[in-house]
There are 2 protein chains.
Amino acid sequence: MAKGASLSGFPEWLPEERVVEQQAIDTLRRIFELNGFLGIETRAVEQGSSLLKKGETSKEIYLLSRLQEVGQENDTPVEDRLGLHFDLTVPLSRYVVEHSGDVAFPFKRWQIQKVWRGERPQEGRFREFIQADIDVVGNGDLPEHYEVELPLVMVSALEALRAFGLPKATVHANNRKLSEGFYRGLGLTDIEGVLREIDKLDKIGADEVTKLLVSECGASEQQAAACLDLASMSAATGAELAEKFDALCDKYGIAHESEAYELASQGLNTLAMIVDESARIRPGAVIADLKIARGLDYYTGSVYETFLDGAASLGSICSGGRYDNLATQGKRKYPGVGLSIGLSRLVSYMLHTAGAKASRQSPAAVLVAVWNEDDRMRANRIAAALRDRGIATDVAPTAAKLGKQIKYADKLGIPYVWFPGQEGDGDEVKNIVTGDQTPADPTSWEPDTVYAQQTVVVE
Amino acid sequence: MAKGASLSGFPEWLPEERVVEQQAIDTLRRIFELNGFLGIETRAVEQGSSLLKKGETSKEIYLLSRLQEVGQENDTPVEDRLGLHFDLTVPLSRYVVEHSGDVAFPFKRWQIQKVWRGERPQEGRFREFIQADIDVVGNGDLPEHYEVELPLVMVSALEALRAFGLPKATVHANNRKLSEGFYRGLGLTDIEGVLREIDKLDKIGADEVTKLLVSECGASEQQAAACLDLASMSAATGAELAEKFDALCDKYGIAHESEAYELASQGLNTLAMIVDESARIRPGAVIADLKIARGLDYYTGSVYETFLDGAASLGSICSGGRYDNLATQGKRKYPGVGLSIGLSRLVSYMLHTAGAKASRQSPAAVLVAVWNEDDRMRANRIAAALRDRGIATDVAPTAAKLGKQIKYADKLGIPYVWFPGQEGDGDEVKNIVTGDQTPADPTSWEPDTVYAQQTVVVE
């Protein structure tokens with residue numbers, strides 16, 4: 001749980017911690033816009049009927065009621081009530097349908113917003129947190145190359161966040177068609193069931209999963225072994241992937257001419273493209289990992305999870321995939337590919353594990369001293385001149401003894417204290433970190449580059 | 001009501017409209033940080049008991065309930081439930097008390113966040129909107145000069161928003177002590193009552209207010225006339241204000257030695273400082289306007305409302321004041337001065353009245369064309385080279401006919417289309433606004449300044 005959260009599950013940062021979060025958001029936005037994504041912000045609430053559509057998390061919704069309606073909440077069916085969105089995908093699908101006449105398709109959008117989960121308070125679970133999403137949505141169809149490009153945009157974004165103390169991120173990709181084709185090739189029919197059991201691999205181990213595949217999904221011992229063989233596959237290149245997969249098909253007798261192999265091949269080709277293209281741009285950033293099963297039941301093509309080196313306990317910090325049925329409008333379909341970063345957990349990691357912090361608490365580079373209250377106007381004028389030139393400046397709160405004013409600057413991490421000239425002397429400015437003091441004119445003085453901006457540093 | 005809001009009271013913008021809102025937020029943040037304010041973000045929810053403290057808006061709260069608790073909402077008293085914050089002041093006062101050991105006082109903070117009002121849906125009322133607040137909070141005491149400086153920061157901020165089509169803003173300032181001292185000097189005792197009736201001046205006129213002062217507040221005809229005289233006072237300088245006020249006191253027999261005059265003088269001096277200092281920095285930006293009564297009942301010193309030239313129907317777009325009891329912790333008091341901009345209404349004005357719009361829909365300056373799908377990798381490499389140099393770049397969604405690719409760029413407002421060189425020829429880039437086409441190298445080419453960034457323009 002985050003430090004400083006007075007209400008379990010609702011993280012809240014101190015000002016110097018918020019700088020880290022704010023600049024992480026700025027960084028993500030910059031990368032998303034560099035890649036041509038359009039920013040949107042949707043309302044925090046959706047109709048209950050929209051929120052209840054999606055299976056998995058439908059139990060974790062906060063519903064709203066007006067104070068004046070307390071006691072009458074139950075007169076309204078949940079579907080007709082308003083609730084807080086629990087992700088940014090449900091709002092996107094509504095937004096796309098509502099504005100399909102106004103946006104250009106394929107619609108590439110980024111969105112960084114809070115989401116809420118109406119969970120029972122429990123250790124380590126956020127009930128309010130920030131998600132950072134990118135999606136591309138097609139009108140009718142959507143080219144496959146976006147399944148390659150979107151994880152790579154997230155790789156760039158996570159790469160940029162290494163300046164905030166994040167370790168190297170690796171995207172693990174799989175493909176629903178590949179898994180399904182392989183399972184069908186084995187003769188299995190309960191595809192969802194097999195995926196559900198495979199998803200438990202890391203938790204309960206291969207032996208238990210084998211038992212469950214047999215008892216729950218009607219698999220023979222050999223079919224179960226084949227499923228585990230597939231799940232153990234990973235590959236860093238498309239060629240390696242194809243070679244290993246074909247060897248597996250040969251081993252288990254899946255014919256290359258079969259429909260099942262054809263389906264698997266579609267998925268395999270996309271997955272091969274993803275690892276090959278990413279290998280060219282950022283070697284090792286994306287690997288094929290065929291045990292990724294979570295989410296495969298609602299995704300229809302690629303699926304991605306992302307792990308940080310040495311931070312396995314965080315689980316996947318950026319997940320997503322392709323879904324061909326993101327939204328529909330009559331017969332019109334809007335397929336999408338997207339990924340979502342759970343930003344608040346990452347910020348918590350940056351702050352409490354990686355040692356990221358603001359270079360200073362205040363955005364101000366300068367504190368103008370005040371010799372006496374009658375003189376405040378002059379300090380204000382100096383501050384105004386500095387601000388006009390883009391230099392963030394504060395003015396001492398009181399005409400206290402100089403030592404106390406410097407202490408205030410020091411507490412806020414403001415590096416420079418400006419002394420208005422007295423009795424005809426010119427102004428001087430002191431760097432209270434280095435101790436250097438020099439004459440200065442507010443219309444021309446510049447702070448040293450290293451002290452100019454409030455930044456994020458990693459200790 | 002905002003266009004594009006599918007749920008009454010919950011504004012939602014198209015991507016090109018969101019650019020205006022986003023850049024307005026960026027601008028406010030820049031001004032606030034230039035002035036040394038620290039940014040914070042508080043959770044969206046507060047305990048019912050905190051939300052119910054403040055009188056006026058307590059009826060407009062959205063309470064939360066977990067989906068799994070539907071039907072049991074009424075087992076929990078409202079005070080123990082969670083609700084969405086309806087302003088950023090209640091969260092600030094909690095935050096300050098919680099973190100009083102961690103922040104430096106006076107604590108200057110900016111905060112730009114959504115707030116919610118659980119109102120019945122009605123024309124023109126937002127139920128979700130963005131507020132942009134600055135406050136300075138003292139520990140124990142708070143120097144008066146902040147009552148001068150904070151409205152001036154908002155004046156700079158609103159001045160910066162004129163680039164988004166806002167007309168000139170004028171802050172109308174008054175002071176609780178001045179009004180109260182004057183009323184007490186007249187012999188009136190129901191100060192809250194008088195303020196409440198004076199607040200109705202613009203709506204019901206002087207005659208009706210006179211009647212109410214007599215019937216509801218125990219005022220004589222002469223006392224009522226004096227209250228109206230005070231309310232009609234305005235002044236552009238401190239000297240004018242003092243002169244007019246003293247004339248009024250003389251007229252109504254308020255002795256300069258009285259306690260009431262002493263109280264009024266405190267307020268008058270602060271108000272005079274405000275108009276004089278602001279006149280030096282931005283003449284005409286702040287005026288003394290003694291009919292400003294709204295909010296005086298919970299403010300304890302200065303009070304501010306802000307109006308836009310020619311946009312009276314918007315009402316006050318930035319209000320605030322000083323409250324000596326922002327927060328308390330045992331015997332410790334945390335007095336504050338702050339102002340709040342109702343940003344969503346301003347953005348609605350910018351978009352629908354002032355004609356502000358994004359210079360283009362996409363942040364991308366360049367669309368790289370794709371001759372055929374096998375060639376996409378080359379387009380991606382060109383895009384990566386441009387992005388590495390900070391140039392926002394998109395790649396054509398499909399290798400469609402060139403005309404169609406250019407149309408896609410045009411629809412998104414992307415000014416440049418990049419043609420990867422074919423058959424040994426070098427790359428070329430075309431400005432589709434001017435028609436200019438030139439050879440270009442992605443490692444050195446720069447867009448013309450006017451096309452480099454997505455900006456906000458006013459038509």
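Even glycines carry a Cβ here, placed using N, Cα and C.
According to TrEMBL, the domain 'Aminoacyl-transfer RNA synthetases class-II family profile' annotation covers B:28-363.
When Cβ atoms from all protein chains are considered, those within 10 Å of B:Arg294 (L-histidine binding site) total 19, not counting its own. Positions annotated as L-histidine binding site by TrEMBL: B:Asp87, B:Leu88, B:Thr89, B:Arg117, B:Gln131, B:Asp135, B:Arg294, B:Tyr298, B:Tyr299.
Secondary structure from DSSP puts B:Tyr299 (L-histidine binding site) in coil.
Across the binding-site residues listed here (B:Thr89, B:Gln131), the residue whose Cβ sits among the most other Cβ atoms within 10 Å is B:Thr89. Taken over all pairs of the listed L-histidine-binding residues (B:Asp87, B:Leu88, B:Thr89, B:Arg117, B:Gln131, B:Asp135, B:Arg294, B:Tyr298, B:Tyr299), the Cα spread reaches a maximum of 22 Å, rounded to the nearest whole number. Mean per-residue pLDDT, taken over the domain 'Aminoacyl-transfer RNA synthetases class-II family profile' (B:28-363), amounts to 92. Between the binding-site residues B:Asp87, B:Tyr299, the minimum number of other C-beta atoms within 10 Å of a residue's C-beta occurs at B:Asp87. Reduced to three states, the DSSP call for B:Arg294 (L-histidine binding site) is coil.
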